[in-house]
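The next block holds one structure in the form of structure tokens; read it before the comments.
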Amino acid sequence: MGPEQLPECLKGCDVVVIPAGVPRKPGMTRDDLFNTNASIVASLTTACAKHCPEAMICIISNPVNSTIPITSEVFKKHGVYNPNKIFGVTTLDIVRANTFVAELKGLDPARVTVPVIGGHAGKTIIPLISQCTPKVEFPQDQLEKLTARIQEAGTEVVQAKAGAGSATLSMAYAGARFAFSLLEAMSGKQGVVECAFVRSDVTEVPYFSTPLQLGKKGIEKNLGLGKLSPFEEKMVAAAMSELKGSIKKGEEFAKNFK
């Protein structure tokens, strides 16, 4: 019912999923949510750091590119930071990529796997169509359109809902998929791989989403970028300055958060 019940609620948790915050309205970017959602995430993750420091923390609240750095800094402040246990849930990007590719190729979306790397906003969302299983090919103009649709799919939903919020059912599905994958990995299932926005040394930015092998203690192995096409390499390079800015913004906020 309120913050006074948080300690009791979090005690003994193995996994905490945080979708709290406000959704976008038409014309808003995910970054426009920063002021409201940054405080919410900082308060909730402070409670996690105090009452379930060992738990896996899965952050859905946007802007994920900033709320993950916030979460990390909060955990550092409390001396309980473990980068292998803090995840920015980007699964909705993967689900969308799988769905759109399947539609274009007449495949079952449940059998399509497109890794999506980078971040979780606009041009930081980088679908690796070249690494899709099963293997698919598109002419360059169609590939560019498909990529843009994956990147802007959230905005497409926001506009279609015309002020009534952002993606809900698809986000619930994607959030559940990530949480179930994590729980299975924690229970000892082998070979569980999901993409998520995490602390990373794969690129020049300190946080980046790539496929991760999950295990009992969270991230078992970061599987990195794999082989990128020239088009995908360009997108990675183009995402860097926006990612740097969003990450820095999150870190600065956390430093001043009381």
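Cβ from N, Cα, C; glycine included.
According to TrEMBL:
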ACT_SITE  HIS120  active site, proton acceptor
BINDING   ARG24, ARG30, ASN62, ARG96  substrate binding site
BINDING   ASN37, ILE60, SER61, ASN62, MET171  NAD(+) binding site
DOMAIN    5-88  domain 'Lactate/malate dehydrogenase N-terminal'
DOMAIN    90-253  domain 'Lactate/malate dehydrogenase C-terminal'
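Helix, strand and coil content of the domain 'Lactate/malate dehydrogenase N-terminal' (5-88), in residues and according to DSSP, is 45 helix, 11 strand, 28 coil. Same-chain neighbours of the NAD(+) site beyond ASN37, ILE60, SER61, ASN62, MET171, judged by a C-beta within 8 angstroms of the site's C-beta center, are, in sequence order, ILE18, PRO19, ALA20, GLY21, PRO23, LEU33, ILE59, VAL64, THR67.
Cα of ARG24 (substrate binding site) to Cα of HIS120 (active site, proton acceptor): a distance of 14 Å.
Packing around ARG24 (substrate binding site) is summarised by its Cβ count: 22 other Cβ atoms lie within 10 angstroms of its Cβ, all protein chains included. Here the C-alpha separation of HIS120 (active site, proton acceptor) and SER61 (NAD(+) binding site) works out to 11 Å. Cβ environment of MET171 (NAD(+) binding site): PRO19, ILE60, LEU92 lie under 8 Å away, each six or more residues apart in the same chain. Note: the Cα of SER61 (NAD(+) binding site) and the Cα of ARG30 (substrate binding site) are spaced 10 Å from each other. ASN37 (NAD(+) binding site) sits 7 Å from ASN62 (substrate binding site), taking the Cα positions as reference. In sequence order, ARG24, ASN62, PRO63, VAL64, ASN65, HIS120, ALA121, GLY122, GLY154 constitute the residues six or more apart from ARG30 (substrate binding site) in its chain with CB-CB distances below 8 Å. Other residues of the chain with a Cβ within 8 Å of the Cβ centroid of ARG24, ARG30, ASN62, ARG96, the substrate site, are PRO63, HIS120, ALA121, GLY154, THR155, VAL158, SER166, ALA167.
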